Amino acid sequence: MAVASVVSVTLATWGCRYRQLRPISFGGGRVASTAGGNGEDNVDDGEGGADGDQELGFTRGRGRAHTVRAYASASPVSQFNWEDPLGSKNLLTEEELAISETAERYCQEQLLPRVLQAYRDEHYDPKILEEMGELGLLGATIDGYGCAGISTVAGALITRAVERVDSGYRSSMSVQSSLAMGAIHDFGTAEQKEKYLPAMAKGKVIGAFGLTEPNHGSDPGSMEAVAREHPQKKGYYLLKGSKTWITNSPIADVLVVWAKLQDTGKIRGFLVDRKQCPAGTLETPAIKNKTGLRASITGMIHLEDCPVPKENMFPEIEGLKGPFTCLNSARYGIALGVMGALEDCIERARTYALERKQFKGNPLAKYQLIQKKLADATTDAAYGTLAGIQVGRLKDEGKATPEMISMIKRQNCDRALHNSRILQEIFGGNAVSDEYMIGRHVANLYVTQTYEGQSDIHSLILGRAITGVQADPPSSCSAGPAGEDLFHWQATIMGPADSPYAGGVFFLTIQFPTDYPFKPPKVQFQTRIYHPNINANGSICLDILRDQWSPALTISKVLLSICSMLTDPNPDDPLVPEIAHVYKTDRAKYEHTAREWTRKYAV
């Protein structure tokens, strides 16, 4: 469906109108158009300079004062608009404004009235995707296949409108649009696109994106899901494995599943069509009792020798580049989407502060601390929106870098979560009531701040880009992302000089869980080492990586603790009892063997 037809349909449906264009002129020359007014030309009938300069209000050239008069609005005095403090709407096209207004109207009139009960019941209505599809809101940035083909910014404005109501609703829509439809559009065959995209754009076919696994959430490169050629049925693969924390999976008709080919070990993408799966080969149970994103549906994917035809495999894309491309696009949508949630928190806190009377009948809004909370939040929302629009423009021009998206994802999610928590304080005890809505936003925004790369990881990505070097842990250590996978790091430790490991270089892997820093990373030695607290698989017995973990700990502190352990082992809590016994009974033999292993494996 063409953009114009989509916009006209949505405008007709919801009664939105294009703003009337009104030309403005500087010194008799019409140079721009703006919104509002009665459509009549406004021509500056003042006297211009001989060289055609306008009166600009500052001195240009030699002592000539200039000022400008623009008739962009009926009122000669501009007024501050707290809902759009920095005039971000002025950066949008008429089409983007119309699409945003359509999305806002739908979300406020159709989604908002049912979100509270949906959140309480942890229930998601699949008809929501059909409603969005009717308005052209699904896969909206895709060209063709029944999609609108709108700008990246316009697509992000849709996510902002949806997230203004609930981040869970936005997550479900994002998985449908950016991850499932995006993967099919970017990597699928012509037949795959024709088969699925038109129906998915209408919300008639629901998609899911299966990458995260129970044992490898932070390290998708180590995924265990495998695809092997069917031994009897030529042209088919048998998929086996599990995925978890998959939005939409319990209701999905087609699931984008990433698995390793058994014969090559390469990661490939498959379209698992539920209708094609024999009984018992595909199960997608829901994950219940979540504390955030309760208005969306989340589940698992269990594949037990599920037959998938070869034509359902993406033909060319290999490795993690495919899923990471999709995830990077999703991060951009999150960055502008969370601004919608923050803006709703601001509006609700402002209304409450104006209506709530305390201390001699004064509204809370009268007090300085309340005003500061609102000022801080409004400023961050305005700046975040402008940054999102700018990166969206660059993305459409092919000029956006992953670091730009890391920056706005980190900043906007952090500030949205921080400010929503502060704004909660305005409500006092009432904040714990779900009817005031703000507590729901806070719970949701915590999730958005952790997924698609936790903020600390994005900080290190930016630090590396700014300085050109990895963040510096202890002087004898180094660590950083192994590649595009933000959750999979590599580290190096130089053997401490006062230990039998002196002169050795030891390599480690660091895998961050999706709920880092609230859960410890998994750290393993890749280099063999003779030590009572490190076994042959590289596993480490270290208290701070187990029961003594704290979110305040950093990777630098972890590596420093490992260095200390190399110098001072703990034989009373061994992972290798045999080595611990040697350490306790024959220290010279222990040190000799450790030095020999270091020379053999680490030099």
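From the backbone N, Cα and C atoms, a Cβ is placed for every residue, glycine too.
Look at TrEMBL and you will find 29-58 tagged as region 'Disordered'.
As annotated by TrEMBL, compositional bias 'Acidic residues' applies to 41-54.
Under DSSP, the residues of the domain 'UBC core' (456-603) split into helix, strand and coil as follows: 52 helix, 27 strand, 69 coil. The domain 'UBC core' feature in TrEMBL is assigned to 456-603.
Per TrEMBL, active site, glycyl thioester intermediate is recorded for Cys541. On its own chain, Cys541 (active site, glycyl thioester intermediate) has Asn533, Ile534, Asn570, Asp573, Pro574, Leu575 as residues at least 6 apart in sequence with a Cβ closer than 8 Å to its own Cβ.
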Message: On average, what pLDDT score does this prediction assign to the domain 'UBC core' (456-603)?
response: 86
